[in-house]
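A.B. asks: Here you go, one structure.
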């Protein structure tokens, strides 16, 4: 268990470091500025760059995972909000009209995620197949 925790910590560190290097390199070199959103999406763990989050979250406790899924996303989400355009997620465009609306959205996201984590922590399910068998 400790070895797996060390491995996941190293994976997280390396992926976040690579994303930070891509982000900084794309800021310094204007010809690669199109890579800024990609670096931020890697840091958030958004699709199609989400596979690192899935592999790391397998062995995490729910408390640590909830921190990873909430507070670690604040910086990159704000960075994406500053780059927002019609092609980005629609809720990011809300930030252009009202910071309060974005704050309400994020607090709602935190509350939903918190209750989902609490529910999943108290239920001994480890796959979607178990969820389906418990429903019948």
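Even glycines carry a Cβ here, placed using N, Cα and C.
What Swiss-Prot records for 12-32, 34-54, 74-94, 99-119 is transmembrane segment.
Could you place these features in context, so I can see how deep they sit and what lies close by?
C.D. replies: Sequence-distant contacts of the transmembrane segment (12-32) (same chain, at least 6 residues past either end, Cβ-Cβ under 8 Å): 38-40, 42-43, 52, 56.
Using a Cβ-Cβ cut-off under 8 Å and counting only residues 6 or more beyond its ends in the same chain, the transmembrane segment (34-54) has close neighbours at 11-12, 15-16, 18-20, 22-23, 25-27, 68, 73, 75-77, 79-80, 83, 88.
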A.B. asks: Against which stretches of its own chain does the transmembrane segment (99-119) lie, if we need a Cβ under 8 Å and a gap of at least six residues from its ends?
C.D. replies: 62-63, 65-66, 69-70, 74, 77, 81, 91
